[in-house]
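Working notes, structure below.
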Amino acid sequence: MAADLSARDVERVKFAFSIYDFEGNGTMDAFYIGDCLRALNLNPTLAIIEKVGGKEKRKEKIIKLEEFIPIFAQVKKDKDAGSYEDFMEVLKLYDKSENGTMMYAELEHILLSLGERLEKSELEPVLKECCNEEDEDGFIPYEPFLKKMTQLL
């Protein structure tokens with residue numbers, strides 16, 4: 001699996017892994033698998049992180065770089081499921097005027113009730129960080145929101 005990676009990808013993985021190697025001994029707590037993958041511009045769901053060995057608690061499992069490289073390769077290979085374009089198409093369904101905007105309240109509803117749901121306590125910081133101000137009619141442009149959420153800016 002790692003043979004599918006370019007030398008540049010392997011170097012990027014080594015660098016990102018080293019950031020989460022807090023002990024400096026070539027290992028990383030599996031709790032940080034998702035964070036490390038996100039640092040490598042991947043956006044795995046919680047289900048994917050769990051599937052590849054990520055843990056919900058610290059110190060449940062320790063992995064080596066040699067174990068993480070194939071994890072990265074697999075998630076990178078599968079990243080087309082749920083691409084930026086797919087998410088854009090979903091948000092366009094809520095763009096009734098076809099002008100690049102949607103109701104702020106609808107976005108809140110989507111984030112609280114569909115897919116990997118956010119908790120109410122998680123919602124406010126996400127919207128504050130990623131959303132432009134809503135206009136006087138309660139609409140926001142959804143493309144800047146999506147770009148920030150998928151780290152494409």
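Placed from the backbone N, Cα and C atoms, the Cβ positions cover glycine too.
The following features are taken from Swiss-Prot:
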DOMAIN    8-43  domain 'EF-hand 1'
DOMAIN    82-117  domain 'EF-hand 2'
DOMAIN    135-153  domain 'EF-hand 3'
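Helix, strand and coil counts under DSSP for the domain 'EF-hand 1' (8-43) come to 22 helix, 3 strand, 11 coil. Taking Cβ pairs closer than 8 Å, the domain 'EF-hand 2' (82-117) reaches residues 43, 45-47, 123, 126-127, 131, 134-135, 138-143, 145-146, 149-150, 152 in its own chain, all 6 or more past its ends. Under DSSP, residues within the domain 'EF-hand 2' (82-117) fall into helix, strand and coil as 19 helix, 3 strand, 14 coil. DSSP assignment over the domain 'EF-hand 3' (135-153) gives 8 helix, 3 strand, 8 coil. Taken together, the residues in the domain 'EF-hand 1' (8-43) have a mean pLDDT of 94 on the 0 to 100 scale.
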